[in-house]
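Per Swiss-Prot, these features apply:
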BINDING   H58  O2 binding site
BINDING   H87  heme b binding site
DOMAIN    1-141  domain 'Globin'
Amino acid sequence: VLSGTDKTNVKGIFSKISSHAEEYGAETLERMFITYPQTKTYFPHFDLHHGSAQIKAHGKKVANALIEAVNHIDDISGALSKLSDLHAQKLRVDPVNFKLLGQCFLVVVAIHHPSALTPEVHASLDKFLCAVGAVLTAKYR
């Protein structure tokens, strides 16, 4: 459960990263595909090379979904309900991949905003990403 401080910390760090949605989203995906190559299996039709238009486009979708969750931080499940349905029922993404993506996103944020990612902000952002992952996997059966 996100505390008031967590919500403030998450909103604060996203105010710094929102304008870089496509860049950070693509970087996160590229990092995940390299670090955890098994995640590539969900993207057989993608050009997975650095800088590909498909990675940039999907990275922007990922980042925009996170921004949507931040904008509705008191109702993440409502904000991401359709995305949860898509991943659980149509795409059938292994739930562990959301944790891997979250870890890669944390690394990208740390690279670009090292002074802003204090231990407290890191903890809050990690809790937020876990909450998003829980919402996205809530409809799995």
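Heads up, the Cβ atoms here are built off N, Cα and C, so glycines get one too.
Within the same chain, the residues at least 6 positions away from the residue listed as 'O2 binding site' whose Cβ sits under 8 Å from its Cβ are G25, A26, L29, F43, F46, listed in sequence order.
Secondary structure of the domain 'Globin' (1-141) per DSSP, as helix, strand and coil residue counts: 108 helix, 0 strand, 33 coil.
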